[in-house]
Amino acid sequence: MDQFHFKVNLKGMIDLLSNHLYSTPQVFIRELIQNGVDAITARQKIEPDHKGEIGLELFAPNNAYPTLYIEDNGIGLTEEEVHHFLAQIGQTSKNKLDNEDYIGRFGVGLLSCFIVSDEIVLLTCSVKEDKTIEWRGKPDGSYTIKVLEQKMEPGTRIYLQSKQGFDSYFKVDQIQQMVRHYGEFLPYPIHFYGNESIRLNAEKTPWEMNSQEALQYGKQKMDIEYLDAIPLFSATGEAQGVAYVLPFSIRVNAKQRHRVYVKQMLLSEKIEGILPEWAFFVTSILNVNQLKPTASREEFSNDARLELVQKELGECIKRYLVQLTKTNPDLFEKIIQVHYESLKFLAKEDDELYALFIDWLPFTTSLGRLTVKEIRKHTNNILYTPNMDEFRQISQVAKSQSVCVINGAYVHDTELIGKLGSVFPELTVEQTNPSTFMYQFTDLSLEDRRKAFDFVELANLVLQPYHCTAEMRNYQPSDLPALYTTNEDALFMRTTEQTKEETNDLFSSIIGQLTSNKVKPNDAQLCFNFQNPTIQKVIQSNNRERNQLVIEILYVQALLLGNYPLKKQEFQLLNKGLISFIEQGIGE
């Protein structure tokens, strides 16, 4: 019996496999099953009616490390092939065949067994010759080959005895779990032999199931009740799968990890980038036949084909959502409620989907949360403001007048609102702000202006230190005495002044220097409501001192109604006004 040696530093190669290429020692199971599946596939090429099968058994004798036995009834290896493929690292029996039908490609998989074992014993018989070959390999690079007298059916048998420290991988439950983990959807039956024969892989894959079966599988496997299951298909990657719609919202920039199989063998449960970035509201189970795994077989090579597959799978999700609006609008509405931000992003990026989805998307308005369809029923004149503070200033007044103003301050909302005219030409879309909105209020008659003149003049004098002017108009609701409006410049100055008050001397000085050359704008306005009963009483009052207190209190109240934080000076106004009214009340 002759002895031969590998042509590489095998110990270094094993270190590379265990510490750098593979993420866990348990991949040896994947490599063993993979070799068996590929061997059966090769045999079926010459025997199309052959029924492939893989079996495993565990021997655990007393006072000895356990031994794993795995067999397949595949094509087997001839003596020449054993020399050629098992003795040369990087050689694989699939190189000369149609690679696309096989899972393994790199010819190093069998060496992963040395991570958990000090010896690989392989018996094989090829369908091409009636000869049983025994191959024994060791991690020091030595191996032996001999021809056995005993006969065996075509196929391959491998024996692995656990080495010290790795016996946890050689337990019945662990072996069964690892096989199910990697090979749950492999096309050939995989049995574990013990007291009874147990089939370890499924007879049906998720991509062969109908929607209800796929949802049931998802709940059983992931313990999540998904909203729906979307069939996925890509001709470029020969990909099939299921995308599960998550029943909870997640961050827009969250990256989903997908469970991906290559030729029905698990590649990884943590694959990113197989679906478009906008599809973060789904997680998927996919089988891919025409994408190239990396050498570790735990992710895909990032190439042009991967980009095409990603695009095709994304189109599947788009078509599903479009169809759902017609077949199950209630479910689609529920998906929108849960994944509103994602679908907004999708509609913003894709004009076709924008036209299909925009009617279903809800927006915050002065009349409550309404979908575009509901807004269109109310009015053809779409008013919106892109600023949250501006929306707060005018929403109460707009509501009282049954005017619908959309709050466009949220992410993507302004872009979505701005495109409404492209889908609905009958609509006019107009940006508004508190100043322009205020000019829609009814002007006073000459007689009413005469009555309010002294009050407005006093108000301008009182409000001058706060860079605010006074107006008097008629508007609804009548129980709102005053409305504070401002613009961006005035709001900026107001914010910086408040920040100066709340920071230390150093930072306050820096802010002061940054704003010292800016002209203080006088664009903030306090618009009094002539129809308000309190305003009417104050106009008719000749008590100038009390009227001044009322103006100061109404100014602070309008700030609070507009959700503006009060500056120190305004807090003092509020305290002074309240104390004065209390004292006057006690005095009476």
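Backbone N, Cα and C define each Cβ position, glycine as well.
Straight from TrEMBL, the features:
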- GLU31, ASN35, ASP72, THR156: ATP binding site (BINDING)
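Residues GLU31, ASN35, ASP72, THR156 are listed as the ATP binders, and the farthest two of them sit 14 Å apart at their Cα atoms.
Taking the mean position of the Cβ atoms of GLU31, ASN35, ASP72, THR156 as the ATP site, the remaining residues of that chain whose Cβ falls within 8 Å of it are LEU32, ILE33, GLN34, GLY36, VAL37, ASP38, ALA39, ILE70, GLY74, LEU110, ILE158. Annotation for the binding-site residues GLU31, ASP72: lowest Cβ count within 10 Å of the residue's own Cβ, GLU31. Using a 10 Å Cβ-Cβ cutoff, ASN35 (ATP binding site) registers 25 neighbours.
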